[in-house]
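Taken verbatim from Swiss-Prot:
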type: BINDING; residues: H72, H74, H242, D317; note: Zn(2+) binding site
type: BINDING; residues: H72, H74, H242, D317; note: Fe(3+) binding site
type: BINDING; residues: R81, Y144, H177, Q245, T322; note: 4-imidazolone-5-propanoate binding site
type: BINDING; residues: Y144, N319, G321; note: N-formimidoyl-L-glutamate binding site
Amino acid sequence: MDRVFINLHLVSMVNKQQTGSDGYQVVKDVMIGVRNGKVEYVGEPCPSILHGHPDIIDCAHALVTPGFIDCHTHLIFAGNRANEFEQRLQGIPYEEIAKQGGGILSTVQATREASEDELYHLAVHRLEGLKRDGVTTIEIKSGYGLTLDDEIKMLKVVKRISELPDMKVSSTLLAAHAVPPEYKNRSDEYIDLICDTIIPQVVKLNLANHVDVFCEGIGFSTKQCERVFRTALKHGLRIKGHTEQLSNLGGSALAAAMGADSVDHIEYLDEHGVKALTKNNTVATLLPGAFYFLKETKLPPIALLRQYEVPMAIATDFNPGTSPIASLRTIMNMACTLFKLTPEESLRGVTCHAAQALGLQNFRGKIAVGMEADFAIWQLESPAELSYRLGVPDLIARVVDGEIFHEK
């Protein structure tokens, strides 16, 4: 062993079939052995594990969970839209704000004007809040460039962030986020650019794991999204979708049928769509931050998702317009208070189910032999406190590939 963690209380998130427990209950006085960045032992204290003089970390009866995974973010952008926040509070509708040059296209303009270095430093600063909440893996999307060069610029920033030693990154191409101004009323031609030029070039440069789309009346049609998905799959990329946020176009069922790892937002998802998620083992990613920030009233179909046993992930959806919230624990609380998830569902949503939403369920999101050694060590007594209490610095340290990172 390279490193052994002793005197810890474990919340493994490993399911009943594998352990006989539910993975959420606290198992006291556990030892974890790590070698080459992976978990090699989990169980009762075992003196033989200490042979070879590994580095011993006494957790002093702290609570240990899998490292948190924020599986849906728009972390990279320039500018901010605080002025729009004020306008919305005054009752000005989004459509009017957009006509005045606001909305997503204002972020596109600012992001296009920013250099790669500027975007990198802005994103690294934003990461700090997520780190304090125990995040060890983050998904980051492009989507504020909307040209070949600017989408690649954003994805190069994602790649630079992935080189940080204390954060793992999953990269998503979201060129189909909005129709850029130069393609106004020519969205099919913009889809041509995405499929014929942007996706092949991103694959050539190895800059993305997934391709995402915004399937909505104000975004792209199911026919257009299907074409993007087919192109992505043909080039060996995984797929996911922003679907059923504002209306029910059938984007979730389409994405699931094509093998999507997750569909996200899903406030308007119906039973047909839920059945499609079950059939194709697609994760439903809930984004309560956007629901809260936009003062929406249409709740996701939580009862149906439970009935059909669809895994539910939750994420910050961190972005400048509709969820400028860099706190995954705040989002966990919102998932409970706004969407009526239980604290257990909330914790699964940022660990094992979030890993599945990124296609990483065999590597992260649980603490078990063979998994990557990504943990969060908390000064807490029970896992329910993670959703219950906000603003208190409960995190002692994050562990990424077995390396320890103490938070400021």
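Glycine is no exception: its Cβ is also placed from the backbone N, Cα and C atoms.
Note that the structure is a prediction, hence the values are computed from the model and not measured.
Overlay of Swiss-Prot annotations on the structure.
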{"residue": "H72", "record": "Zn(2+) binding site", "DSSP class": "coil"}
{"residue": "Y144", "record": "4-imidazolone-5-propanoate binding site", "DSSP class": "coil"}
{"residue": "H177", "record": "4-imidazolone-5-propanoate binding site", "DSSP class": "coil"}
{"residue": "H242", "record": "Zn(2+) binding site", "DSSP class": "strand"}
{"residue": "D317", "record": "Zn(2+) binding site", "DSSP class": "coil"}
{"residue": "T322", "record": "4-imidazolone-5-propanoate binding site", "DSSP class": "coil"}
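Under the three-state DSSP scheme, R81 (4-imidazolone-5-propanoate binding site) falls in the coil class.
Ranking the binding-site residues Y144, H177, Q245, N319, T322 by the distance of their Cα atoms from the Cα of H74 (Zn(2+) binding site) places N319 first. Here the binding-site residues are Q245, N319, T322; the one with the fewest Cβ atoms within 10 Å of its Cβ is T322.
The Cα atom of G321 (N-formimidoyl-L-glutamate binding site) lies nearest to that of R81, taking the binding-site residues H72, R81, Y144, H177, H242 as the candidates.
Around the Cβ of H177 (4-imidazolone-5-propanoate binding site), the number of neighbouring Cβ atoms within 10 Å comes to 23. Comparing the Cα of R81 (4-imidazolone-5-propanoate binding site) with the Cα of every entry in H72, H242, D317, N319, these being the binding-site residues, the smallest distance points to N319.
H177 (4-imidazolone-5-propanoate binding site) and H72 (Zn(2+) binding site) have their C-alpha atoms 14 Å apart, to the nearest angstrom.
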